[in-house]
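Undergrad: According to Swiss-Prot, the protein carries these features:
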- CYS943, CYS989, CYS991, CYS996: Zn(2+) binding site (BINDING)
- TYR978: S-adenosyl-L-methionine binding site (BINDING)
- 65-78: compositional bias 'Pro residues' (COMPBIAS)
- 127-139: compositional bias 'Basic and acidic residues' (COMPBIAS)
- 367-393: compositional bias 'Basic and acidic residues' (COMPBIAS)
- 264-327: domain 'PWWP' (DOMAIN)
- 402-461: domain 'FYR N-terminal' (DOMAIN)
- 465-548: domain 'FYR C-terminal' (DOMAIN)
- 861-979: domain 'SET' (DOMAIN)
- 985-1001: domain 'Post-SET' (DOMAIN)
- 31-151: region 'Disordered' (REGION)
- 367-399: region 'Disordered' (REGION)
- 620-744: region 'Extended PHD domain (ePHD)' (REGION)
- 553-609: zinc finger (ZN_FING)
- 564-615: zinc finger (ZN_FING)
- 677-744: zinc finger (ZN_FING)
Amino acid sequence: MVIAVEGGFVHEEEEVDHPIRYLPLGRVYSSSAPCPLPKKPRSAEDGKPPVIVYYRRRRKKPRVEGPPPSPATAPPMLHPREDDEDEEVTRRKGSLKYELLSLGQAPPALGGDGEEPARRRCLRRSGGAERRGYFSEPKRRQRQGVHKEAASSAGRRWLELEIEAADPLAFVGLGCKVFWPLDEDWYKGSITGYNEATKKHSVKYDDGESEDLNLADERIKFSISSEEMKCRNLKFGISNLNKRGYDELLALAVSLHDYQGLDPGDLVWAKLTGHAMWPAVVVDESNVPANRALKPGRLDQSILVQFFGTHDFARIKLKQAVPFLNGLLSSLHLKCKQARFYRSLEEAKEFLCTQLLPENMLQLQKSMEKGSSDANSNKDVHSCDNLSEDKTAESGGDYDEMTPIELGNLRVSKLGRIVTDSDYFHNKKHIWPEGYTAFRKFRSVKDPHVVILYKMEVLRNSDIKARPLFRVTSEDGTQIDGSTPNTCWKEIYCRLKEKQRNVASGLDRDVCQGSGSYMFGFSNPQIRQLIQELPNARSCLKYFENAGDTFRGYRAVHVNWKDLDYCSVCDMDEEYEDNLFLQCDKCRMMVHARCYGELEPLNGVLWLCNLCRPEAPRVSPRCCLCPVTGGAMKPTTDGRWAHLACAIWIPETCLKDVKRMEPIDGLSRINKDRWKLLCSICGVAYGACIQCSHPTCRVAYHPLCARAADLCVELEDDDKIHLMLLDEDEDPCIRLLSYCKKHRQPSTERPSLESNLAKPAVVVQTDAVPPSGCARTEPYNIHGRRGQKQPQVMATASVKRLYVENMPYIVSGFCQNRVGHDAISEPIQSVGFLDVAHQEAVGNVSSMIEKYKSMKATFRRRLAFGKSRIHGFGVFAKVSHKAGDMMIEYIGELVRPPISDIRERRIYNSLVGAGTYMFRIDDERVIDATRAGSIAHLINHSCEPNCYSRVISVLGDEHIIIFAKRDINPWEELTYDYRFVSSDQRLPCYCGFPKCRGVVNDVEAEGQSAKIRVNRSELFQQ
């Protein structure tokens, strides 16, 4: 506890030889309390610090409910007279400035029963009643029985459960307790029901109030036993602790905001020239050591601060200091990505919780240097003891109640907590949480023929508080302590070998081969993943820096991929019979089956990627090689996750199983200089980068950042691959090349739209060559229209085309015209309700067959045709669609390729102004939608389309489906790329987009088809 005296701050352990200026409220208003006198110096024989009576905000609650004390035995309540209550509250606000530093709460008006009425406030993300408002009036709660621990049934414990993957009705009837951040307390209740419409559970608290909550967004625990978890099919869940860190810090700042200013002991954001805003604490002049040379300044216009993390002192102006809460609301905690900045935030959070500065900060202050070395050492040990006890009481309870994890012969009962005040509780390979407890069966050191249970613990060393102590205790009473896990188990192995020498026992040599980390369970991938997800795990810099997943400089990069029809791994859009496209039915990610390692065909059943499956991590993992979120990710050999594209492009990484494309290996072989490269595109100093393949260029970038920036990330030139001398038995070596924006290869020259209009096209009757996998559609040709064909007429028609707007044709049914009635308002209003229903339907996860049936049943209500700005008629969306949605099926007459060629040459080409609507399924089937079909054949071509075509298989039948390539807004025209392939025809394009290539033809495909490739072995055959 911190008490303000004349001349600065003094802790309750320190000795003062002058009168105390500020006293607790209990001693001020107590008639029986003795007059405060200065304390005498402590004698050297005293082993404990003197006991000082101090004021507590709340009484310590017992664990077991007991009978209420009788009026005769109850302690006297200290409170002012009722008529002077308002006057005393006003007078006490200023006098408790320094006393509140150790309390962390506002001084309430004491009630008649001696306890303050609890003010329950809420800081939620979801909207709700007025009392959830951020600045709304807090509602008083009468919590007579909320904090009382009821005698629970045997086997019940408070656990956090998996919510998203569980049945919502399985939680109904369970007891629960919800954490309210602003109150920093749990409120008990029970789940009474579930609303299917709002997707929320009804919670009724023990004090009589009730509310509807989305359990996935709350910090909630359930009272449940192991048998009930199995019956209800519930699983133990790990909460999103990273998200809670900011909420807890904000809640602490809100609770102390009214009493935070620029006085000594207040928390602020301080600004120094050339540095980011940094959390600091205001200190007094007497706390600054004499050897610190600070910049002089006027006392009334400057303050002294000590920064968290760096522990440096500085004198700043008043305008350079910002209250801590205001800085959090202004997102100052996101302005810096340095490791010491994150450590300063953790120290600031610890200060708000305990109102005690870190030990290193106190040692640097002048008041810590006055005492003798013995007193300082005793005080340091005592403060460390208190700190360990406080932290254990604060966070240890959550992990004591975890469900034991069974991993073969290993059983982990407690994960413990991450130690942030010492760097000795982790190294480059492992993290050792304090309080970690595990059990393992092994041979007894007394009788090697008997297998007993060993208990393994990670404790804090009582002699050296900054170092861990590993303890192994057996059932027969043997206890072994060591500084490392290997030390403990090495001693056990030595005793077993010594016993083997004395007694002729057939002890196997392989029994004593396991390392200490293996025996404790720290090398297990599942345990390692759980430890990494503990709170404050990212503060273990040595561990994460060695793994390349350093927390320093990380910032998530969200990429809005425009080409949803491209594979997320190889970035190709071609689909083959033996390598079909797969789309995740939940996140809409598109990959090739071989690129993702799916060996068995799906046949239209539900398919989910690794991150969307039920066994996936609850918190979406981030790639350890780049900051880009989402995408095709696979697990690594060390328990992390990485993009397949990153693993393919980084030279040191590889795949252990190429067929299944997992796991990713070789992260430890990545050159340490590659981790230090800064991406020139996203600017995030995180992950491993590749460099430009130009001989003299060293520009670095992440592989996915380069793909998002349209840089050249491709295979080596095909013209050079055939020159490589390879044996037929060897796998061909393919070199991956990437070029920066300056050195990327120039794109193929695309013909301009004006050149196509200036030169009239000459129609040549040739044998129609069926294209591969694209629509055979001929846009309307203005040169083939009837009437005059002079250049003036063509120019007039082209100018007129620019002023034509999209006019959808809306079918509204019969309605009688009347004055002031808008005939289009009713259909638009009805479409609005359809939009909401469609969005709700799309949000559900369904298989390919279910999506196909839903598309067939609703495409008439979702789509309409009308006048198009591009050409003739087009198809428009009535409602909004998400990327990956099925839009419509391309329907027509199924014919053989020879029949389609005859129809096109003899009939369709002779019709003036008629188009050819043929879509090829494979080499044996073509869909002719010229005379029969749906409105899908009216979808126009665009060089920057919002849809794409794809052949899917549903119940053994193949269908051509038009998919949404990106999110489509209402009344937006649908377009896709025809990719017309013809060596002698050039069809002009009128889409008008900035990246228009001028023609409908697929120039790249035509160039590749013109090349003739012959295997090198065939050239030398006789």
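Every residue, even glycine, has its Cβ placed from backbone N, Cα and C.
Buried or exposed, and what's around them? Tell me for each listed feature.
TA: DSSP gives CYS996 (Zn(2+) binding site) a coil state; it is part of no helix or strand.
Under DSSP, TYR978 (S-adenosyl-L-methionine binding site) is assigned to coil, being neither helix nor strand in the three-state scheme.
Averaged over the domain 'FYR C-terminal' (465-548), the predicted model reaches a pLDDT of 77.
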Undergrad: Can you grab the distance from CYS989 (Zn(2+) binding site) over to TYR978 (S-adenosyl-L-methionine binding site)? Cα atoms, rounded to a whole Å.
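TA: Roughly 11 Å, rounded to the nearest whole number.
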Undergrad: What is the total of other Cβ atoms whose distance to the Cβ of CYS989 (Zn(2+) binding site) is within 10 Å?
TA: 27
Undergrad: Between the binding-site residues CYS943, CYS991, CYS996, where is the Cβ count within 10 Å the lowest?
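TA: With the binding-site residues CYS943, CYS991, CYS996, fewest surrounding Cβ atoms within 10 Å: CYS996.
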Undergrad: Would you list, in sequence order, the residues of this chain other than CYS943, CYS989, CYS991, CYS996 that have their CB within 8 A of the centroid of the site's CB atoms, where the site is the one recorded for Zn(2+)?
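TA: Going along the sequence, the neighbours come out as HIS941, SER942, GLU944, TYR990, GLY992, PHE993, LYS995, ARG997, GLY998, VAL1000.
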